[in-house]
Amino acid sequence: MSYFLAFAGFAVLIVLHELGHFAAAKAVGMRVERFALFFPPLIAKVKRGETEYGIGCIPLGGYVRITGMNPSEEIPPDVAHRAYYRQAPWKRIVVIAAGPLVNIIVAFLILWALFVFKGVQEISPNVDRVNTGSPAAGKLIAGDRVVSVDGRTGGAEQFSNAVKTHRCEGRATNGCKATTPARIVVDRDGAQKAFSITPVYDAQTERTRLGFTFGIQSNKEGILEASSSSVSGMWRVSKATVSSIGRIFTSSEARKEVSGVVGSYEVTRQTISTFGFVDALNILAIISLSLAIVNLFPFLPLDGGHIFWALAEKLRGRAIPFDWMEKASVVGFMLVIALFAIGLTNDIGRLRGEGFGVR
């Protein structure tokens, strides 16, 4: 089932993106020849009016074919006035921007719904699990609510910092208390209990620990608060996406982080399988937003390239020679091919051994 749901989620994102282009093109009077999910050759198609609707056999995207996208193509005289490059620049911008805009709206709506109906997951001050054989074993139990650590109150982060403060491996030097016991006060069934627990130093993680984990709680947000949280989250993802693409040409570590279609699909599938479809919606929202951001890069054949040249024509006051756009599009093609190649190579490597990090 996880395979089907992940596939369906990706298909929906593709359809909605192309539907944005399709609806905008129809609205401004352009002639849409084909609306297709996935790339050709088509394995199924049907024609309604002037538009052919089809499903391709290569599941790497989708497309809308609008008459006149290539200025040099031969166009029947009776539809020439509806060709893409015969339209005003603002109409072309509306049609091209509609695809990424739909992806942005979809990402916002998914995140907003998650914040409102599922809530923001935060670490709670309640003990979720006590590790067998750990310093906390035999003292703390699941369900205890931590009130203070070494006299410090607050949340899970403050408690963790209190344990780490002035504690380290080895003898006491330079203010380091080494393994000085921590005083833990908890609320258990309405009564407060205090324990003295000596942390242990984990050399592998270079952290001191008591041997218990905090639980997770969900705090639902109101309509306005969820809107603000969604916009903030989208802004962080957008900056991270742009930054990541910039770093792949200068950092080998950044290149290792790139995922292609296969990798994104597999992460979504594993998230569905491990945590459920609701948690996978967050992944789909990030993918939808990232798809919009990458598509808006100002290089042909990306959507941003078409927008860039339409704006250039508007500022120039006359049509841009097609050979100019063809030469400039080399940059866009190289970017797309580089991202595809790096992503595919990484995906194959993860599928063969290292995995995708979903636990």
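Cβ coordinates come from backbone N, Cα and C, glycine included.
TrEMBL does not curate its annotations; it predicts them automatically.
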**Annotated stretch (transmembrane segment, per TrEMBL) among the listed ranges 10-29, 330-349** = 330-349
**Asked** Who are the chain neighbours of the transmembrane segment (280-300) in space, where the CB to CB distance is under 8 Å and they lie at least 6 residues beyond its ends?
**Response** 5-6, 9-10, 13, 17, 99-101, 103-104, 106-107, 110-111, 113-114, 234, 237-238, 241-242, 245, 264, 267-268, 271-272, 306-309, 325, 328-329, 331-333, 335, 339
**Mean predicted confidence [pLDDT] for the domain 'Peptidase M50' (7-339)** = 82
